[in-house]
Each structure stands twice: as C-alpha cells, then as structure tokens.
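K.L.:
Copying in the features that Swiss-Prot gives for the protein in this structure:
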- LYS166: active site, proton acceptor (ACT_SITE)
- HIS285: active site, proton acceptor (ACT_SITE)
- ASN114, THR164, LYS168, ARG286, HIS318, SER370: substrate binding site (BINDING)
- LYS192, ASP194, GLU195: Mg(2+) binding site (BINDING)
- LYS5: N6,N6,N6-trimethyllysine (MOD_RES)
- LYS192: N6-carboxylysine (MOD_RES)
- LYS325: site 'Transition state stabilizer' (SITE)
Amino acid sequence: SVGFKAGVKEYKLTYYTPEYQTKDTDILAAFRVTPQPGVPPEEAGAAVRAESSTGTWTTVWTDGLTSLDRYKGRCYHXEAVLGEEDQYIAYVAYPLDLFEEGSVTNMFTSIVGNVFGFKALRALRLEDLRIPNAYIKTFQGPPHGIQVERDKLNKYGRPLLGCTIKPKLGLSAKNYGRAVYECLRGGLDFTKDDENVNSQPFMRWRDRFLFCAEAIYKAQAETGEIKGHYLNATAGTCEEMIKRAVFARELGVPIVMHDYLTGGFTANTSLAHYCRDNGLLLHIHRAMHAVIDRQKNHGMHFRVLAKALRLSGGDHIHAGTVVGKLEGERDITLGFVDLLRDDFIEKDRSRGIYFTQDWVSLPGVXPVASGGIHVWHMPALTEIFGDDXRXQFGGGTLGHPWGNAPGAVANRVALEACVKARNEGRDLAVEGNEIIREASKWSPELAAACEVWKEIRFNFKAVDTLDPS
C-alpha cells in the first residue's frame, strides 16, 4: 500500500549503501566505530550516519515531505581495524546541502553533535574529514597565512622563535612586560601569553597589553628586528574579545592570540575576520584539545581539529613537538602539520591521513612546537618542522641560569647554527648534538644552557598511535 508506515526500522536498510559513488561535493568522514557486543558494524555505522544527518529512531510521517535520498548521510564502506577485534573504520558521505556555508560550528554540530552518546556504540572517534572544494570556498580561512606573515615581519629562511612567559599566573603587568622585553632583546621573535592568562585580579588585560607593547617597541629599537607578543584576547564574551583585539590594533602590535577550543569556533571565526580586516596576525592555542583527541578509540583526532582551525582561521596553531613533554607521535604529527601548511595533501594511511585534501589556495597555518623543549632539541625540531614553523621555548628560555635574555641568546644561536648546518648539507638527525656543541664553544650563553639541560628527557610511550598496516 502507498503511504506512511509507522514503526522502528533498521538503520542499515536506509543508511548503509556500499554501492554509493561519492561526489566531489560530499563531505567525507572516517569514523573509528566500536559497537556494543552483538551490534553488526554495518548497523553501527549506519546509525552514526542517520543521527548525524536526516535520521531519528523511528519512521516519522514528515519523512514524506522531503527527499531523504538527497539529504541523508550514507555509510558507503566499513573495514575492520587490524589488531583490534571489535573496531571498524566506517566511511561516511554527507551531502553538502546539510551544512551552513562558512560555519565550522554547524559542520561539527551536524557531524559529531549528538551521535557520540549513542547506546549502540561503546566508543566512537572521528579520525578524519575530507572537506570538498565547494565548501572550503565559503570560508575566509587564516587571516594572513605563512608567506604574508614572513613579509610583515621581514624574517625569512628559518623557523621563528618564541617563549611563553612564566610563571604563567601571578606576575604583575609591569614585571610581565619586563620579562617580555628581556626575551625579545635577547633574540627571540615573539613572546607569548599563556593560554589561561586572560584578565585576572593580579593582572588586568589592559595593563598587560600596555606594558607588553612598551617592551616590544623598546626591543625593536635596540635590535632593529620586528618583534611581537601574542596578546591573549580570549574573553568571556565575543564582544569583550573583539574589544581587546581593537585595543591591540590601536597599540600597533602585530599579533593577538585566541584559545580556539575553549573560546569556541564562532568566536574564533569572528576574531579571524577582524584580524584579516585590520592587519593583525592571529596565534591559536589548542587548550582543551587532549580532552577531545587523546584517547585512541573515542573523541576526535587532532587532525580534524587542525582542519577545522584552518577553515575557521588562525595564522599559528600549537601542534605538538614530537620530542618534548606533550603527546605527539612523529608520523601522525607530520601528517597534520602538512594538512595545516600545504595546499594539497595525498591520502597516506601511514601518517594517519585518510583522504586526499585539496585546500584550493586557502592560506596555510604555521605549526607551533611548544612544551618541554630546550636547546638540545633544536636540531630535531629544525629537521622535523622545517622553516615554516614556530618553536616556543618557555622554560627553555626563562630557565637559563643567567636569566631571560641569555636564555633567548642561547636559543637563537642554537637555531642559527642548525639552519646553517642544514643549508651546508649536514644531517641534523645524525649530527645534531655535535652541531650544538660546536656552536656552544663560541657562545657562553649556549654553553650554559647545554649544561643545565643535558640530562632532561621525556621518554613516555604515546597514547595515540597509528594502526598496524
């Protein structure tokens, strides 16, 4: 009979379509699905698709008022994960019409908004997204990008050096500005607010901005180099955040900062648009990311958060170090570093890249290595990240036995020695320690740093690793 038939139906009958040919305009997703015992992978994969597109738990009469075939997400392939008896990678295609243009917020609300609480699933992780060209073109992306930043700063041919001011909380604005000045005059390109420095009773944001601007201009006058400090504009409301960015622009400083996950994608995109319109660079901190991305079987991989940030907008983003104190396995890290910087990235499962991604000339984002790094790590960082990166030495600058400025000198000397050696054809991975020792013979600041940190190691096994192939 023709008409509406009530009742509960199996998701796989509607949403599991292995014969589907994906379109260039589809958003493609790779989910790591761990079904409850007794739930077949096709049903679990189709359930994910249904909840994140047109489905609900029962047949509804309003299904007949639209074209479900046009709007539904489709699970078009499922594959078992090697070495895991109950995990599957489910590949899903979402039609582009399901998403609002230029909105990372809407994209995530649709794809990961409700489905992670599904009872049929023990765990679920979004491993990767393929963003189609048609959707990318609805986003502004990074305010400026890697090349424009180099032109603004007049710095070429090497990574840029930074330092997070410590202690992160408790300094007065004047003492904070003094620490900034010492680091910048010693040879760093940038200093940085920590992610939780906003506007607390011991240091209100306006005072911090003023003293940091004074430090920047004094260091610039003494060194002849353009300097910057990542002024954290993150605030409790979008209006307050923009007010802080406006004040930074009025001071004439080159860069502001945002905590994009705690601040939210709507706020981040708003700030990125303001920065593009007003010539400010935008540094992005990923505070809270490990809550979402650290567990291998549940949550969302950082490569997805990195792609989302490139759409939403940011000129730098923290991306792990491989060698420091924070989580980050080498092949995985290099995979999403390429997704941040390059214009075209081929599918490469050996680096965790599930889809070929074309960014159609959207500006790139410079990865920031930060967390537990010091001068002995400089050869590895230069070799791993190349020139288009930012190396942030917080304790590795401020912990120098002679003070901030000598700490900055040590890092700058180590960096320039590594870049020079690399340009001469030396292998940083093999000769790194020798290169640092040679440079320390003529730099007492570097020699002192080498002595302090010669025994420091962070040797822990990464939690998030690649699947066996």
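Counting begins at 1 with the first residue displayed.
Backbone N, Cα and C atoms are what each Cβ position is placed from, and that goes for glycine too.
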K.L.:
Rank the binding-site residues ASN114, SER370 by the number of other Cβ atoms within 10 Å of each Cβ and report the first-ranked residue.
P.N.:
SER370
K.L.:
Taking Cα atoms as reference points, which of the recorded positions LYS166, LYS192, GLU195 is nearest to ARG286 (substrate binding site)?
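P.N.:
Out of the listed candidates, the nearest Cα belongs to GLU195.
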K.L.:
I need the nearest neighbour of LYS192 (Mg(2+) binding site) among the recorded positions THR164, HIS285, SER370, using C-alpha distances.
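P.N.:
It is THR164, whose Cα lies nearest.
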K.L.:
Over the residue list ASN114, THR164, LYS168, ARG286, HIS318, SER370, recorded for substrate, what is the maximum interresidue Cα distance in Å?
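P.N.:
Comparing all Cα pairs, the maximum is 37 Å.
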K.L.:
Which residues, sitting 6 or more apart from HIS318 (substrate binding site) on the same chain, put a CB under 8 Å from its CB?
P.N.:
ILE284, HIS285, ARG286, PRO367, VAL368, SER370, GLY371, GLN392
K.L.:
Around the Cβ of THR164 (substrate binding site), how many other Cβ atoms lie within 10 Å? Please give the count over every shown protein chain.
P.N.:
24
K.L.:
To which of the recorded positions LYS166, ARG286 does the lowest count of other Cβ atoms within 10 Å belong?
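P.N.:
Sparsest of the recorded positions LYS166, ARG286 by Cβ contacts within 10 Å: LYS166.
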K.L.:
Counting across all protein chains present, how many other Cβ atoms fall within 10 Å of the Cβ of GLU195 (Mg(2+) binding site)?
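P.N.:
For GLU195 (Mg(2+) binding site), the count of other Cβ atoms within 10 Å is 20.
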